[in-house]
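What Swiss-Prot lists as disulfide bond is 52-84, 73-107, 87-143. What Swiss-Prot records for 24-143 is domain 'Barwin', and it gives sequence analysis as the kind of evidence. According to Swiss-Prot, the feature signal peptide maps to 1-23, an assignment based on sequence analysis.
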């Protein structure tokens with residue numbers, strides 16, 4: 001009987017972990033671009049006036065410049081302060097091109113608002129620029 005209980009608990013824990021993992025990704029999300037251009041402002045979150053500056057502006061320069069920047073308002077994942085500093089692996093659904101980005105801001109477009117440099121690296125066929133947005137998948141990853 002004790003063995004059955006342990007198996008039930010293990011099964012429950014595995015299912016919960018899978019549910020959490022599934023909630024940390026989304027498909028066919030709209031991604032627009034924003035002119036953060038962090039390389040022009042020494043990756044200064046305060047100068048960029050981004051939401052996450054309150055918590056992350058004093059992080060080391062290497063941390064701030066390691067990944068491209070994005071605003072996050074996607075349909076799945078943490079919001080507000082809980083999303084700040086987290087990383088996403090973003091995939092252009094049209095080309096398969098991938099980039100890892102760091103969340104530094106919020107948005108209201110229901111998806112991502114990528115730094116223009118990241119957007120351009122993902123937009124390898126130029127269709128996103130023509131449309132003004134990309135269709136992407138994203139998943140939260142460790143930074």
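Backbone N, Cα and C define each Cβ position, glycine as well.
Under the three-state DSSP scheme, residue 87 (disulfide bond) falls in the strand class. Between the C-alpha atoms of residue 84 (disulfide bond) and residue 143 (disulfide bond), the distance comes to 12 Å. Around the Cβ of residue 87 (disulfide bond), 18 further Cβ atoms fall within 10 Å across all displayed protein chains. Between the alpha carbons (Cα) of residue 73 (disulfide bond) and residue 87 (disulfide bond) lies a span of roughly 13 Å.
Summary: among the disulfide-bonded residues (107, 143), the fewest other C-beta atoms within 10 A of the C-beta are counted at 143.
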